[in-house]
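These notes concern the structure reproduced below.
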Amino acid sequence: MGEAKEIWSAPITPRTGNSLMGTPRVASPPVSCPPSQLHSPSLTRSPLLQSENGDAPHPKSKTPKTPRTPRMSLTPRFITPLGSPMRKALRLTKLDPQDAWLPITESRNGNKYYAAFHTLCSGIGIQALVLPVAFTILGWTWGILSLTIAFIWQLYTLWLLVHLHESVENGIRYSRYLQLCFATFGEKLGKLLALFPILYLSAGTCTTLIIIGGSTARTFYQVVCGDHCNPKPMTTVEWYLVFTCAAVVLSQLPNLNSIAGISLIGAVTAVGYCTSIWITSVAQGTLPGVNYNPVMGENKVENAFSVLNALGIIAFAFRGHNLILEIQATMPSSEKHPSHVPMWKGVKASYTLIAACLFPLAIGGYWAYGQLIPANGGMLTALYQFHSQDVSKFVLGMTSFFVVVNGLCSFQIYGMPAFDDMESVYTTRWKKPCPWWLRVIFRVFFGFLCFFIGVAIPFLSSLAGLIGGIALPVTLAYPCFMWLKVKKPKKYSFMWYLNWFLGTFGVALSVILVTASIYVIIDTGVNVSFFNPQ
């Protein structure tokens, strides 16, 4: 008897006898199905958009299909199947039911549009507003050159990650960045190298979003109400709390695909405030007394460390690589329709818009403010500091509103890996999906933990250069070593040389940037104010 020509890799949520949240019973042997019948674990359609192929039914095979006897799964925890080719070769049914219970892989209805929304929302943010600060040290030529090289470099490593998501050799999908790290470097070394940077890029980014979003919400309130403000306005901590409560309410959406509309709003507002800030700044012209001579230190050592700190700021502007595998994991994948094709289409569209925002923001901002650009806050602070009386309240209010909304939307996608990890502990222990009330508790706990850290360490956003250096290998170095380990390019080939060079240089650059950032922080100082947000 013939076998099915394709099987979608989405795991099927185990059914229970009496209740949805009961202990899952043993599933019946899997039956080969046409790919149109299995789009996600829940067998539901996408809530916002249709798939690229529409809903047209696939032609049925003329040969009757017979179920295949399953064997014991050899798939490690959290590893999802790639598709039918390896099943035919290995005769294994690699379906992990946990993937149907976790937020990242609960739904497989993703497509190139969702990928573009998520990538754009996670790839551009407040950190881009401090790019002109790096230009004050690097100058015009080296600033533009460094930004261009960093953009091309991180786009290349992004391409590597998209193609590393599916391992044809093993017949599995790496649905999480840490999972790929463990598979490449081993669990112990993977934790040592990537756990802290990934933890910061998730929880640390959410904390920073609370700090910036709460502060900007207060500014928005002041701009809108003007002279009619309450004589006893809310404190900064109270604004942090308002922002956190709104973020926690939005975080109750169940999985990564369900926040596609949220990511779309976040992407639109990110492009909106970046564009409005640089256009407004350029339209107002250069400030009196602006000069473009690079800031020089008292000695060569100080100059060198300042340059390296500026490179760290540029590296910090490019984030989101820690979410690429997770975004791609929301897509169906098969032998004929691998997920990297629509994923790369979405990435290309999103990074075209990211480039259209970052380069004008850095170049236009430096042209308008030069050495006068505030080191803390960058373009957003400069807009209020120098043009609060020249620009209409509508523009100022709209910009602040976009920043707040983008912060709320970005919080959802950066918090999703943390939600996924917390729920995985429960599903591993109890072998069943999280009940809705426990999922609510997890997400409320995470949101208010970030709020507590934001109140306790309100100067976290001032450490952009240091954090950029620590997180740099996740973006620029590790994907190169992963490619060498997983794909095994021919020794001494172009790809072999390129990845060894970029990976080694990325790690060395990270160490140098962290050292330089620490030196600059010690030399210039940071306004440390624990439990005293301003």
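Don't overthink the numbers, they just go from 1 along the chain as shown.
Note that Cβ sites are derived from N, Cα and C of the backbone, with glycine treated the same way.
Those TrEMBL annotations? Automatic predictions, nothing curated.
Here the structure is a predicted model, which means the values were calculated and not measured.
Matching 372-393, 394-415 against TrEMBL, the residues noted as transmembrane segment span 394-415.
Contact check: the transmembrane segment (463-484) against the transmembrane segment (496-522) gives at least three Cβ pairs closer than 8 Å, residues 6 or more apart, which meets the contact criterion. Cβ atoms under 8 Å from those of the transmembrane segment (394-415) belong to residues 118, 121-122, 125-126, 201-202, 205-206, 209-210, 212-213, 216-217, 219-220, 223-224, 243, 246-247, 250-251, 253, 256, 259, 262-263, 265-267, 269-270, 272-273, 276-277, 280, 323, 380, 383-384, 388, 443, 446-447 of the same chain, restricted to positions at least 6 beyond its ends.
Annotation: stretch 113-134 has the most Cβ pairs under 8 Å to the transmembrane segment (346-369), among 113-134, 140-162, 192-217, 237-253, 496-522. Using a cut-off of 8 Å between Cβ atoms, the transmembrane segment (237-253) and the transmembrane segment (496-522) share fewer than three residue pairs, counting only pairs 6 or more apart in sequence. When Cβ-Cβ distances below 8 Å are used as the criterion, the transmembrane segment (140-162) is approached by residues 131, 134, 177, 180, 292, 310-311, 314-315, 317-318, 321, 324-325, 328, 340, 343-344, 347, 351, 355, 358-359, 362-363, 366, 475-476, 479-480, 482-483, 499, 502 of the same chain, each at least six residues removed from its ends.
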